[in-house]
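Encoded as structure tokens, the structure appears first; notes follow it.
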Amino acid sequence: MTRNPPLSTTRRSLLGAGAASLGLLAAPGLLHAQEEKFPSKVIEVVTHAGVGGGTDITARMMMVQAPAALGTEFTVVNRTAGSGAAALQYAASRPRDGHTILLITQTHLLTMLRNKSLPQFDDLVGVARATEDPQVIMVKAGSPLADPRAFVEASKERGLKYGGTHVGSVDHVAIFSFARAGGFKAPTLVPFRGGGDIVINLVGGNIDVALLNPAEAEAQITAGEVKPVFVLSRQRLANMPEVPTAQELGIRATAATTRGFVVLKGTPEDRVAKLEAGLVKAMSGQVFQSYLKSSGQAADSVAGRQEWEAQLAEFNEQSREALTTLGLLR
Amino acid sequence: MEAFLAGMATLTDPLILGMILAGTVLGIVVGALPGISGSTTIALLLPLTIGVSPIAALAFMGSIYCAANFGGSITAILVNAPGDPSASATAIEGYRLAERGQAGLALGMAAVASAIGGIFSVVMLIFAAPLLARAAYSFGPPEYFALAVFGLSMCAAIGGDGRVKNLMTAALGVLLATVGIDLTSGVERYSFGIMELSDGINFVPVLIGLFAVSEMLDQSTRRAEEPKLITMDAAKLPTLADFRKCARAIGLGSVIGAFIGALPALGATTAALVGYNETQRWSKHKHEFGHGALEGVAGPESANNAAVGGSMVPTLALGIPGSATTAIILAGLIVQGVRPGPHLFNEQPVLLYAVFASMLAANLLYLVLGLGMAKLFARISLIPPTILWPAVFVLSIIGAYGPNQSMGDVVIMLVAGGVGFLFRRHGFSPAPLIMGLVLGGMLEEALKQSMIIFDQNPLGFAQRPIALLLLAVTLAGLLGPMLLRMLRMMRPQKEAV
Amino acid sequence: MRMLPDRACAAAMAAVAVLAFAATYGFDEVPPGLAQGLGAAEFPRLVCLVLLGLAALLFLGAAPRNPPPRVPATGWATMALAVGFLPLMMVVGMLPAMLVFLVAMGWLWGERRWGVLLGSAIGLVAGIWIVFVRLFALSLPGGWLGERLFS
């Protein structure tokens, strides 16, 4: 089709065509070469999303330009079970030599908090952040809640119905933290399967408020059916400059859908540094940047280890607090 | 009109035509292979489409999507292993036909019904997408609850020995659907600490086990019997009379498929199962069902392909995916810088019509390929069973493993194979279980969501006219035949046929 | 005296329903802060009751029918092979296990032409390898042996 398929691996067929049945094993390594060179084989990117899920697509977009930056092939390993638990377990079962990297989301941190038998937060070493998609509080256009001040007043009088993903999810934590920071009456979560369902039910009038990424409701915002009220980030967003941040009204709450790469503790420092440089370079490339831009995510999504680790730590604290108060942490 | 012609004119571009041809052939192949569906293929090839123009990329993805839904019927008919989940309803009658040595008949009908359903839905997409898309907003949890009740009520009619057994397997399917984390309370149910179960039971491995593996086990018990001589009728294609007989089924399937596909929460699999049921309900040859009814191939095949166009409705008009595959196509659109939504119809009509044109072309292309190759494919049923069935098992393994790369799914498939084997021996039909598993989750979730929305007051349903209407239709469907029979008994002379 | 086959089926389904009903009492409690209306256990319990009711209907309405034919030795052997595929795969990896299975089951079902057996098996596995591993770059389980040899 177009160019070289970046997905197919250019493995040397050591065993020849006659032993094609063993082809899976034709990866280099039969000789157990004890090279000091890194990377020396295919790097596995472990994700909890199924093929075609948002996180899976992020991984595959990164992989388009990563082989050039790091000089090796990449492959995605999808371990979907247990909201990240299977992905974490798989990574823990691999040697900590930098050839296995995890693409994680906040979901993994929540799963870790609730399941102590998995690798814990302290076992993670950040490598680079890939995407950051701020969450926005939205209501139906024409609703009396569309004005930020009216929204705050109404929230203090009665518990509003929020659309979000399932109980105990990242959305739930974000809604809880937002309502708590604003001193609101306890909100009711109406759980849905995904952003599309939430938008439909917001327009259909079944819920009062929705917590969404800007891209999820873009068509409805453009059509004037949905109105963003607050942005849950530190600064206003470039593509909706008229929408205030929650902090401007004194509600100290931020929330974003964030994805980034980590390795497990024990991976040699020089390899982490090499991975960091390579991944940041790959994701600064044209393919990944145009993916970020067109999916409505910030261009400064890509960040190095320091910023990413600080963010992970912040979210870990926020989650622990929310889960404890909700009674989901034992 | 100008935009329409300009869109059609893109078909003269050799690059676009090449993309459509490549997409269609690839779609048929991956559709036929269990374990790799149209949506997986599009997801895996997505990064490759970045380099080409949006129209070419969309033509490619659209063609794969259209053709994969047809491709699934090939393996469903030949070896009872639905290559794509949406072909599970096709397997019920299609495989019976192949067993009788009429694989060519079933394959030919599948190709024609698929193409008609597909073309119908694209035409509908061209003329009514923005209008139809509004319907999605009227469907909230209470309406989906009523729709799930309607779908499940039909299980009473599917194949097997009787209503009670069908309802039992459907209930078992609903029970299986409750496995995993409960959406509204976050509590894990029936997972017994097994991580693979905490996300629920995926229906693809269950489907492959119930149909393909149980068929292999069943065959293994009949090795001692005199092998059935499959006549060379296998390669015979349907005649005009066959098409005339199935016209009603195709029409019904197309309309049902397009409507169900347009609802964001339901996809081609449900469309095909509902299409199968309704075909049977309105058929003049009810007694043929369960023993290889050609209408039972035409109905679901037209429905699942009509669902393709249907699911593009909310995707393009609302930016909300109508199925797993369109979710990935949506991602592809966005990567290409095309922002879907109502404005798309005013701002980029040429692009839209080019997509529609390429989908039409893909439908015609697989019709030609499908009919042309049906004779060849049909000969697969002539492969000796000693080679064919071990191969089916191996493809089932990879079919269960592929989508999530999970060994747990392989185990689930093997268990489902054993259960399906027992089902067969005792006259239970596997189709209601699939229906229960697919709709059960929606039934429970929609009920709980509705109750939260109604502040736990069940009377809230009384204010939802669409939900009430659907529930009334369900009741009429269940009680209607009984009432009719009573009426006939009261005045037997006039109604005698 | 033997039970009617349909009664045995009904009893088995009833047992499933009772066990599933009992298991709902082992679910975690919904935290009080989140409990609203229908909890986690009510819906499965309702389904279990429906299943139990249907089993009772089947039990009462059971009519005599021919019991299913006995499963011959080939049938049992096929099942054993199918189940044995899993441990074999854990050891030698998915693709080699498939090769072994194809040959073993073809032989079991009565194919004695070794050329046909081996040729078709190798052809199919090679085809799977080309499509899934080469074209779509999916990683298939390498098994214990694969891990030892190649990583």
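Quick reminder: no glycine exception, Cβ is built from N, Cα and C everywhere.
No curator has checked TrEMBL annotations; they are predicted automatically.
The shown structure was predicted, so the numbers you read here are calculated from the model rather than taken from an experiment.
According to TrEMBL, the feature transmembrane segment maps to B:15-36 (among others). Away from its own ends, the transmembrane segment (B:15-36) comes close to residues 52, 55-57, 59-72, 74-75, 81-84, 87, 208, 212, 354, 358, 361-362, 365-366, 369-370, 395-396, 398-403 of its chain (Cβ-Cβ under 8 Å, at least six residues beyond either end).
Look at TrEMBL and you will find B:17-434 tagged as domain 'DUF112'.
According to TrEMBL, the feature transmembrane segment maps to B:42-68 (among others). Sequence-distant contacts of the transmembrane segment (B:42-68) (same chain, at least 6 residues past either end, Cβ-Cβ under 8 Å): 10, 15-16, 19-28, 30-31, 84, 118, 305, 308, 312, 325-326, 328-329, 331-333, 335-338, 351, 354-355, 358-359, 361-363, 365-366.
According to TrEMBL, the transmembrane segment annotation covers B:105-132 (among others).
Sequence annotations record features per position, and here TrEMBL assigns transmembrane segment to B:144-160 (among others).
Sequence-distant neighbours of the transmembrane segment (B:167-184) (same chain, 6+ residues past either end, Cβ-Cβ under 8 Å): 152, 155-156, 160, 190-191, 197-201, 206, 423, 428-430, 432-441, 443-445, 448-449, 452. Annotated transmembrane segment per TrEMBL: B:167-184 (among others), in sequence order.
What TrEMBL lists as transmembrane segment is B:190-213 (among others).
Note on the transmembrane segment (B:316-338): residues 37-39, 42-43, 46, 49-50, 54, 57-58, 61-62, 65, 68, 125, 129-130, 132-133, 136, 261-264, 267-268, 307, 310, 344-345, 348, 351-352, 355 of its chain, located 6 or more positions outside it, place their CB under 8 angstroms from a CB of the stretch. Annotation comment: TrEMBL describes B:316-338 (among others) as transmembrane segment.
Annotated transmembrane segment per TrEMBL: B:350-369 (among others), in sequence order.
For B:376-401 (among others), the entry in TrEMBL reads transmembrane segment.
The annotation transmembrane segment is assigned in TrEMBL to B:407-424 (among others).
When Cβ-Cβ distances below 8 Å are used as the criterion, the transmembrane segment (B:431-454) is approached by residues 88-89, 92, 140-142, 144-145, 147-149, 151-152, 154-155, 158-160, 166-167, 169-178, 183-184, 200-201, 203, 206-207, 210, 265-266, 269-270, 273, 276, 423, 460-461 of the same chain, each at least six residues removed from its ends. Sequence annotations record features per position, and here TrEMBL assigns transmembrane segment to B:431-454 (among others).
Summarising the annotation, TrEMBL assigns transmembrane segment to B:466-484 (among others). Same-chain neighbours of the transmembrane segment (B:466-484): 138-139, 142-143, 145-147, 149-150, 153-154, 156, 281, counting only residues six or more beyond its ends whose CB sits under 8 Å from a CB of the stretch.
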Completion exercise
Lying 6 or more residues past either end of the transmembrane segment (B:350-369) yet within Cβ distance under 8 Å of it, the residues of that chain are 3-4, 6-8, 10-11, 16-17, 19-21, 23-25, 27-28, 54-55, 58-59, 62-63, 66-67, 70-71, 111-112, 114-115, 118-119, 122, 125-126, 305, 308-309, 312, 316, 338, 344
Handout entry: Winner by Cβ pairs under 8 Å against the transmembrane segment (B:407-424), considering only B:105-132, B:190-213, B:376-401
Key = B:190-213
Practice task
For the transmembrane segment (B:376-401), find every same-chain residue at least 6 residues outside the stretch whose CB is under 8 Å from a CB in it, and list them.
Solution key: 33-35, 74-75, 78-79, 81, 98, 101, 103-104, 107, 204-205, 208-209, 212-213, 215-216, 219-220, 227, 230, 234-235, 407, 409-410, 412-413, 417
Problem - For the domain 'DUF112' (B:17-434), mean pLDDT (0 to 100) - result: 83
